[in-house]
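Please read the structure below before turning to the comments.
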Amino acid sequence: MSTIRLQRMPIAPARIALVLRLLSVVLALLTTAILLWATGRDPIALGAKVLSSTFGSSFGLEDLALLFSPLIYCGLAVAVALRIGAWNIGAEGQFNFGAFCATGIALFVPGPTWLMLPLMALAGMIGGALWILVPTLARAYADVSELITTLLMNFIAMLLVYWVATGPWLDPSGMALATTARLPVSVPPIWGIVHWGLPVAVMLAIALALVFTYTRWGYEVRIAGANPGAAAYAGMPVKRQLIAVMLLSGALAGLGGMMEAAGTVGRLQGGISNNYGYIGIMVAVLARAAPLGVLATAFFMAVILNGGIVLQSQGLTTHTVLAVTGLILLYAAIGDEAAHYKILRNKTGES
Amino acid sequence: MTDIPDPIQQRLGLAPGTPPILALKGVSKYFPGVIANEAVDLEVYPGEIHALLGENGAGKSTLMNIVTGIYKMDAGEVIVEGEARDFGSPTDAIEAGIGMVHQHFKLVRAFTVAENIHLGWPDTPKRISRRVLEARTSALSDTLGLAVQPEAVVADLSTGEQQRVEILRVLARDAKLLILDEPTAVLTPEEARELFVALRAFVARGNAVIFISHKLDEVMEISNRVTVLRGGRKVATEWTERCSEKSLAQMMVGREIVLTEAGQRAPLPKDTPPCLSLANVSLTSDQGTVLKDISLDLRPGEILGIAGVAGNGQRELTYVMTGLATPSAGTITLDGKDVTRIGARAMAEKGIGHIPEDRLQSGMAPTLSITDNAVLREYGQPPLTRKGWFSPRGAGNLAREIAKAAEVMVPDFAMPARNLSGGNQQRLVARREMRIADKILIAAYPSRGLDVGAINTMMRYFVELRDQGVAVVLISEELEELMNFSDRIAVMFHGEIMGMVATEGADVEEIGLMMGGKRREVAA
Ligand SMILES: Nc1ncnc2c1ncn2[C@@H]1O[C@H](COP(=O)(O)OP(=O)(O)O)[C@@H](O)[C@H]1O
Ligand SMILES: [Mg+2]
């Protein structure tokens, strides 16, 4: 008689983890396909439609790139915070507030483009950092969980943007109902409608990966994130690091907001963040907080989101996409755990 | 080794032919590059406490993990009450009456004792109120003679209490064989005594205990028989009463241990200026005053022992001496300069190493790689860091160097440090700290979790450091260790120093009294 048993290993082999990741995606898509089929739709035709509309034309690819870019910013924001053991659930709010600050500069400060863009980027980053400042200080000095505080700040930022875009900053031309005027400066395009926001995001991801691996600061953040007690023991300024990293996290999301307002949309409007901040959490978690991993998972989520837009045009609701992303996360979590197990086969005589 | 002539059953007072509760035949287990167990035979009979003795890495935990279905053996047989078994999981093992309490507890810290006892237990009724859970727990606690507080949250309990909960959890499931993996490593001597009483009562009811340890005196005290493992293989099984600590130590390490002696040397001149001085140092925390008016001088080239029951301010003393805590009153001077509030990093840079009491909580980041942990003290200096740039390759080199000096076999330096055995973690931390301790080494319970061989090596290092002129502060619960190695012994009680004695000619009785709170009249 042969028996099969599982044994848990202390470290998951990277190759197996990767294979299971891919498998989890396939499983999630398969589950969705079955559900679609069960409700009387043709999953194969829909899948083909999604693929051809995303990858089959330069329009599709440009749309994809425009989704990819904000997901990198938000994914990096969440990932950076995770590095020091903080959950930034507020990338959504920081993104909105960054967009708001950059728009304010663009609308009310005159100046040449070469000066305006860096200024707006700076405003976006400072805005994002400001938006996480209170949760950061509360966590550092009063041990208040940033999980809740960053989340609550999101609603304030969202409402603020809605209000200015429909009220004080409403497009005076009367053409639009719920946006500001077109911003006088915009992030220059590099390819079709894709602008510099994307390469900057990619460079930031690479830079962060280098910083975390090849700087003393990166090492310190790693220790402080894994065990603040050990960091204090080695004399590291744990609080200062926590504050610096969380502000950096906010700044990244804020910069994403600036790029969205001044690059992709060209205006500030309600709902400009499009849930990127929340999806960024998933991006970061799937990437295990590795900046280069964020590039891969953000791309992947962009494909899913874009697929969702295509599906909507086919009469499916946005909830389908949410369900798919949820399924992927679920299967990935199962897969990550499963990667620790080794399957053992052996033959036993009696018993 | 000689065979045991008379039948085991007879000596244990069992009916002739009584089968063992557990028998292992030729059990082998290989990890990549490591023989964890090879051809191990073992028989455990009802009514006995069977010690499993061996150095760190001898394969004790692995062998018992095989028995309880956590690991899969590569060869051999596990026979439980005459029937060959191959448990797929600890749940299967406990159904067959075999339960294990691990070195690292597996309780849910946020749950109450009662909840932990009933968690994952098929006998737990499906619908049950908190009150009933607690009542059931009390009843179990009474019948099994293990006092626990059912309503307490596990995180609030002392280590000894948590261990009782673990044991109760296993015994509640009708275990006939209780396996304890180094149970006393985390206990005070008093708690250990209580544990021994409970164990004796348990085997008196016809059950059996496998007691894993590397402490010889305990094995001598508690066990009926002892099986010694070395390098994954069984060396011998003997009746404990036929062994001595010396013979066991020899079997365990496979050579005669020459115990390190503190060594003869000229006494320090009385006027040697102190390197570190504490003057009227006090420390208050949320628990109130934890250090009270401590004054002591540490001189280069001496080993200062700190005696006392754990939890009497020893930890806090190490904190103020290493800059981890700033005293609320008093001053600390290092080579004549005030260092009271310069912080942990500056203290380390000035040559003060610190082997902390709870290495997993403060001395290491268990989830990070062995490399990251090994370089925790030197990451900021060349060749690891130059102008802020950190060299992972340099870190790898240093980690290998430290592991080599610490005599720790590391298969993969990228592996999380928590996968190292406790003893190996301790060796790595000790080595890492000794490298930076140019002036002072503060060692809190450095021998906890180490076996005789390793303790011996560590003490030899301390003596070498001392001979190089480093001052060593040795905090220990083992008076014998302090008497053997320190030049002077200070005794702590309730955050105060009760007195200081020169080790030579010291009266152990008097030290014992000071540990209980009696103040010494004249200072040494
Ligand atoms: N999961 C594992 N993977 C690889 N090696 C292991 C694993 N568990 C234990 N070992 C190795 O097996 C040997 C025996 O370890 P262990 O049983 O923990 O020893 P002990 O409990 O006697 O200290 C050691 O060399 C240890 O490093
Ligand atoms: Mg062990």
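Heads up, the Cβ atoms here are built off N, Cα and C, so glycines get one too.
Automatic, uncurated: that is what TrEMBL annotation is.
Annotation source TrEMBL lists transmembrane segment at A:64-82 (among others). If one looks beyond the transmembrane segment (A:64-82) by at least 6 residues along the same chain, the residues whose Cβ comes under 8 Å of a Cβ in the stretch are 54-55, 88, 91-92, 94-95, 128, 146, 191, 193-194, 197-198, 201-202, 204-205, 208, 225, 245-246, 248-250, 252-253, 255-257, 259-260, 263-264, 273-274, 276-277, 279-281, 283-285, 287, 289-291, 293-295, 297-299, 301-303, 305-306.
Remote same-chain residues near the transmembrane segment (A:94-111) are listed as 70, 73-74, 77, 88, 119-121, 123-132, 153-154, 157-158, 160-161, 164, 169, 180-181, 183-185, 249-250, 253-258, 260-262, 267-268, 272-273, 276-277 (criterion: CB distance under 8 Å, separation of at least six residues from the stretch ends). What TrEMBL lists as transmembrane segment is A:94-111 (among others).
Residues 77, 88, 90, 93-95, 97-102, 104-106, 109, 111, 144, 146, 149-150, 153, 157, 185, 187, 242-243, 246-259, 262 of the same chain, all 6+ positions outside the transmembrane segment (A:117-138), place their C-beta atoms under 8 angstroms from a C-beta of that stretch. The transmembrane segment annotation in TrEMBL covers A:117-138 (among others).
According to TrEMBL, the feature transmembrane segment maps to A:150-170 (among others).
Sequence annotations record features per position, and here TrEMBL assigns transmembrane segment to A:190-212 (among others).
Long-range Cβ contacts of the transmembrane segment (A:242-259) within its own chain (Cβ-Cβ under 8 Å, at least 6 residues beyond either end) map to 69-70, 72-74, 76-78, 80-81, 83-84, 86, 88, 90-92, 94-102, 120-121, 123-133, 135-137, 139-140, 146, 187, 195-197, 200-201, 204, 221, 224, 272-273, 276-277, 280. TrEMBL lists A:242-259 (among others) with the feature transmembrane segment.
TrEMBL lists A:279-304 (among others) with the feature transmembrane segment.
TrEMBL lists A:316-334 (among others) with the feature transmembrane segment. Counting same-chain residues at least six beyond the ends of the transmembrane segment (A:316-334), those with a Cβ under 8 angstroms from any Cβ of the stretch are 21, 23-25, 27-29, 31-32, 35-36, 41, 46, 279, 282, 285-286, 301, 304-305, 307-308.
Sequence-distant contacts of the transmembrane segment (A:190-212), counting only residues of its own chain at least 6 positions beyond either end whose CB sits under 8 Å from a CB of the stretch, comprise 58-59, 62, 65-66, 68-70, 72-73, 76, 80, 83, 218, 221-222, 252, 255-256, 259-260, 263-264, 290-292, 294-295.
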